[in-house]
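Input: a single structure, listed below in structure tokens.
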Amino acid sequence: MMISRGLFGWSPPHMQPLTPVSEVSEPPESPSPYLDPGAESGGGTGTAAALAEADEEMDDQDELEPPPAAVPFSQLFACADRFDWVLMIVGSVAAAAHGTALIVYLHYFAKIVDVLAFSNDSSQQRSEHQFDRLVQLSLTIVYIAGGVFISGWIEVSCWILTGERQTAVIRSKYVQVLLNQDMSFFDTYGNNGDIVSQVLSDVLLIQSALSEKVGNYIHNMATFISGLVIGFVNCWEIALITLATGPFIVAAGGISNIFLHRLAENIQDAYAEAAGIAEQAISYIRTLYAFTNETLAKYSYATSLQATLRYGILISLVQGLGLGFTYGLAICSCALQLWIGRFFVHNGRANGGEIIAALFAVILSGLGLNQAATNFYSFDQGRIAAYRLFEMITRSSSVANQEGAVLASVQGNIEFRNVYFSYLSRPEIPILSGFYLTVPAKKAVALVGRNGSGKSSIIPLMERFYDPTLGEVLLDGENIKNLKLEWLRSQIGLVTQEPALLSLSIRENIAYGRDATLDQIEEAAKNAHAHTFISSLEKGYETQVGRAGLAMTEEQKIKLSIARAVLLNPTILLLDEVTGGLDFEAERIVQEALDLLMLGRSTIIIARRLSLIKNADYIAVMEEGQLVEMGTHDELINLGGLYAELLKCEEATKLPRRMPVRNYKESAVFEVERDSSAGCGVQEPSSPKMIKSPSLQRGSGVFRPQELCFDTEESPKAHSPASEKTGEDGMSLDCADKEPTIKRQDSFEMRLPHLPKVDVQCPQQKSNGSEPESPVSPLLTSDPKNERSHSQTFSRPLSSPDDTKANGKASKDAQHKESPSFWRLAQLSFPEWLYAVLGSLGAAIFGSFNPLLAYVIALVVTEYYKSKGGHLREEVDKWCLIIACMGIVTVVANFLQHFYFGIMGEKMTERVRRMMFSAMLRNEVGWFDDEENSPDTLSMRLANDATFVRAAFSNRLSIFIQDSFAVIVALLIGLLLGWRLALVALATLPILTLSAIAQKLWLAGFSKGIQEMHRKASLVLEDAVRNIYTVVAFCAGNKVMELYRMQLQRILRQSYLHGMAIGFAFGFSQFLLFACNALLLWCTALSVNRGYMKLSTAITEYMVFSFATFALVEPFGLAPYILKRRKSLISVFEIVDRVPTIEPDDNSALKPPNVYGSIELKNVDFCYPTRPEILVLSNFSLKISGGQTVAVVGVSGSGKSTIISLVERYYDPVAGQVLLDGRDLKLYNLRWLRSHMGLVQQEPIIFSTTIRENIIYARHNASEAEMKEAARIANAHHFISSLPHGYDTHIGMRGVELTPGQKQRIAIARVVLKNAPIILIDEASSSIESESSRVVQEALDTLIMGNKTTILIAHRAAMMRHVDNIVVLNGGRIVEEGTHDSLAAKNGLYVRLMQPHFGKGLRQHRLI
């Protein structure tokens, strides 16, 4: 049995099937000679050429890439303490003992064969003596089994435990140093989770290298050394010859190993393109549906999968040939040694047992060396990872100063004196150049300027996130470099537009690591107008927030951030565009809290909207890193300089004059060559920049520039508006009607994870508190990925939330009850039935050879004992020739098995992926709103679940056929030779099977618990890194470390149980293997002793069952794998079989030739599928005539964007109808319907491709002239033409970065090119700054000109200058409707919403 595991049961380590390869390799849809079985028979030229080409590419890559830096192996254990060294020494001794046990068994196996051979003596006394000897040997094997149990247990337990202990120290040190780094580190390496993923992956590599891999290496080296010793002790000549053939076997495996690992890396890269296409399509599903590009996405995905064909086929080819030659050479080597062995038997220099022991001891020794060598890859990876981590651990911060001075009292006088500054990640770009600024104590100074003026860099310098390149930053006359860093930051309160919340309670987030009583925290919350909404929560201040808890609206986050600053009671206050992402009502509430906070404090305000800082004590105007103007609002207006220009530009976006614009549909040569910066002090890009040094005008207290120009440079730390806009407690996310997104630097947008609901009582129901109440009353809610709308909870809910959840859960449970049948899986692979037949033939042949080889070897050994002279030579020569022929056939059988089953699996994986992706794109938008169907989750399903289908069928079918034939042939041989011993072997089968299954299930269960703990620990770190600026500003690093160490301690406590459990399971399973072999031996001895079988029969049957034992167990050992992947299999067919609630492909639906554009929402009730308890629209009715432009305004969460979602038919109403030209939308073909609508979203979706492809995404057959005309109409042609590659410029990942305004103009050009009769605009300019907003507004004005039906969602007055009607929403109902003048006369909600645009004289203004 042990022999079979070493030679024919285990795959050599370098030839183990590469799971990652199968997970990414994708055969193409189109025919290929690689997939044609007949193509291979035509010659090997194509294959050889492909291999040669692949090898050449890999060599080129190796030449270009220098070897990575690594630490010495001994340094991996730098964090080990005395207890760790004890664990490693004990574990090493146990590993060596465990590795030696198999070879020791072989030594006794030789004795068993000798005893069996001599037990044929007729002497009764000698026969009894031999029987007693066999019983003793059986007991010896039992003792070996006990030793294996103990040593295996100790080996695994010690190495797992010490690995967890040492890596816990490494993690702790890494995180400690990471949190103390200056911000330039995060600018260089990113702070979006990459650092966290690096530490997680690197620590796992180090843990593997210094724990179980070391134990495995010692184990296998012990097998190697002891194998040589036993081999040479038994028969040194046979051992030496066997050793001489080893390099050929190793070479066969080594060559294939090189190709396999290189091809595995290449195929991962090849699949990355397909994965990117799928992720984009799913992430931007609304845009994809709006432009009806499902077919394009499916075609692109299927085409990109073709790239993996070459590598997938090569992998199957290399795997088949590599395994074939490795096994073939091993079998041929065995034939050679047995043939040579007859000479030593004939000469009396060795007996059969010694030859067998020497032969297999050396073979197992060689395999042990191979397995030991495979650990070097893990050692190298661990050393490389350790270099990266240890380099970080020894890195010192350039701004750390814990030994600096502490001022006795702080007045709050701040001065920037001749400051020069550049970000370390972009040293060639000057941000500040000779900057001077003085902030008097207890005064508020607002910094304004264009993008790239450097204003956003002032706060990081004040917080000492960075140090100036030249110059000084002074606090009360003292250079802040000389001050103790932690003390300095404790004097500064920071409130940002994007406040950070750790995954803690609200109480802990407000305290943020400081010792504060609950009364103090509540008082701070009251001052921040946050106490009321916190108290309304079920758990109040103990409510968990952050990624692992309750989701907060942006307004609520800002209030908590203000409360945090209030509790700090700082002398200096830094406000970084705090209200930039809020709507006007929410802005008013937050501004009141900020006004209280600013009293008596030195304050620096970074502002984008100039209307908010008119009351500041001083306003500092910046341009190109210098201070060019400074004074009060009135002084700067009178000056007529840059501030006046910026204010004029901002006001132009509020009350723009109507510009005569021709209908572009009437003129094919319409030109829009207007200056995009007109009226804003922005020069034409083609104009030369004339920059003169600003001069200080004495006497007026004002800086005046001699000449100004536009600086297009942006600071690395962009402070973009938050993606969520919030109102007061009675209001909610402005993007509650929309899809919450996180903007990334690669121009992609990633949907936020699922956000649970926040229920807050309506203002009418609130108790009296310090917070002002909102005049509106929708509930605060937040929703995950879809266009959420938030409304108050109506008294007539459609269904009970509990009932809904219960029903949903029951439905899912019902779906999970039934697993896909074997025949369902077989149907997927039916097109590859020929490959399956050829692969099955190879698997059957190779599986049968396992017991047949044991049978023939047993016959040779028998001849050693019973034959003499010429008869011995003839018999041994005959059987050795048969063994050699079996070796040759093994090469062919392995090639057939692995090559053709590999092709079958690759095509099956590709087909399943295409089916899944196609099925995903059939589903309605509501399906994607479910947290289980997030873009990341669905992308992972495409990448992994399809390979699980392959693994559950193709790969496992191959093994099952192989092992089944081994079992069948072994049982047939056993039953024919002696049924008694066969029954004993069958009786041990359930024991071995249950042992294997229990071991795998046990290990999986404990590993899952440890992995979950590591995941929770990583969340703590990831939260801190993502919010590193806030963590550092509030000196919360110690709090983060405390939380992280608590998680590590939990992991260590669990690892003790984890290591002991795994060690016990492993050792016990090994014990059963040896013990069952001992039982089989005892029964063999008993059968021979009592005359039930002859000598030759006993030796033959014992060896057959010994060789076949592993094959008997392995098919049953697959059960845990199948059970583990059951959910993945079900997931595949759940997606494929799902029937969408909104059918997109109903060819019988209406496709009328003309669209007049009349839209009506009639008595509509609507709630989002994931939030059925929240009624967003209630009995809602709205009628829009064809060609009419209607603006929809309202507070956050009133249901504005939901209207667009219903018109696009992303969702169907719960009650009522949505009509187009008098017909229900449900009657129209869905793709036809969407093809007649043009959608412009607040956050423009820009795909990672060229500008050209982004524009023609709307119409792929558009000509060059049509595309450029659309860009001109969208005011995009000018900036596109100025780019080096023009329309072929690649944007997004690995391309240029565009401003939000430029992205929006490209998105508008896309809609212009579509030329749809219905235009839907969803707050398209709300997140764009004033400079770009006017240019975008002009493009939108042009877009809606002509006979088009337009629905306009807006909260800016500039968006409503061309509208025919204005509809005001609140709580899912229309509360006001009419023109601007009529609504202004009512002095209602519309007036309150628009008042920040016009001031108190709103009713006197008219929109012309």
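Glycine residues also receive a Cβ, built from the backbone N, Cα and C atoms like all the rest.
The structure displayed is predicted, hence computed values, not measured ones.
Features as listed in Swiss-Prot:
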{"type": "BINDING", "residues": "Gly1194, Val1195, Ser1196, Gly1197, Ser1198, Gly1199, Lys1200, Ser1201", "note": "ATP 2 binding site"}
{"type": "COMPBIAS", "residues": "762-771", "note": "compositional bias 'Polar residues'"}
{"type": "COMPBIAS", "residues": "802-816", "note": "compositional bias 'Basic and acidic residues'"}
{"type": "CARBOHYD", "residues": "Asn120", "note": "N-linked glycosylation site"}
{"type": "CARBOHYD", "residues": "Asn293", "note": "N-linked glycosylation site"}
{"type": "CARBOHYD", "residues": "Asn451", "note": "N-linked glycosylation site"}
{"type": "CARBOHYD", "residues": "Asn768", "note": "N-linked glycosylation site"}
{"type": "CARBOHYD", "residues": "Asn1179", "note": "N-linked glycosylation site"}
{"type": "CARBOHYD", "residues": "Asn1261", "note": "N-linked glycosylation site"}
{"type": "CARBOHYD", "residues": "Asn1347", "note": "N-linked glycosylation site"}
{"type": "REGION", "residues": "14-49", "note": "region 'Disordered'"}
{"type": "REGION", "residues": "676-735", "note": "region 'Disordered'"}
{"type": "REGION", "residues": "752-816", "note": "region 'Disordered'"}
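Structure coloured by features recorded in Swiss-Prot.
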residue : record                      : Cβ within 10 Å
Asn293  : N-linked glycosylation site : 20
Asn451  : N-linked glycosylation site : 18
Asn1179 : N-linked glycosylation site : 14
Val1195 : ATP 2 binding site          : 31
Ser1196 : ATP 2 binding site          : 33
Gly1197 : ATP 2 binding site          : 38
Ser1198 : ATP 2 binding site          : 32
Gly1199 : ATP 2 binding site          : 30
Ser1201 : ATP 2 binding site          : 26
Asn1347 : N-linked glycosylation site : 12
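Considering only the binding-site residues Ser1196, Gly1197, Ser1198, Gly1199, Ser1201, Asn1261 (N-linked glycosylation site) has Ser1201 as its nearest partner by CA-CA distance. The shortest Cα-Cα distance between Asn293 (N-linked glycosylation site) and any of the recorded positions Asn1179, Ser1198, Ser1201, Asn1347 is the one to Ser1201. Following the DSSP three-state reduction, the secondary structure of Ser1201 (ATP 2 binding site) is helix. Taking the Cα atom of each, Asn1179 (N-linked glycosylation site) and Gly1194 (ATP 2 binding site) are about 17 angstrom apart. Around the Cβ of Asn1261 (N-linked glycosylation site), the number of neighbouring Cβ atoms within 10 Å comes to 6.
A gap of 33 Å separates the Cα atoms of Ser1198 (ATP 2 binding site) and Asn451 (N-linked glycosylation site). Lys1200 (ATP 2 binding site) counts 29 other C-beta atoms within 10 Å of its own C-beta, drawing on all protein chains shown. DSSP assigns Asn1179 (N-linked glycosylation site) to a strand in the three-state reduction. Distance noted between the C-alpha atoms of Ser1196 (ATP 2 binding site) and Asn451 (N-linked glycosylation site) is 28 Å. Between the CA atoms of Lys1200 (ATP 2 binding site) and Asn451 (N-linked glycosylation site) there is a gap of 31 Å. Within its own chain, Gly1194 (ATP 2 binding site) has Lys1200, Val1368, Leu1369, Asn1370, Leu1389, Leu1393 as residues 6 or more apart in sequence whose C-beta sits under 8 angstroms from its own. Reported as a whole number, the C-alpha separation between Asn451 (N-linked glycosylation site) and Asn1347 (N-linked glycosylation site) equals 37 Å. On the backbone, the CA of Asn1347 (N-linked glycosylation site) and the CA of Gly1199 (ATP 2 binding site) stand 26 Å apart.
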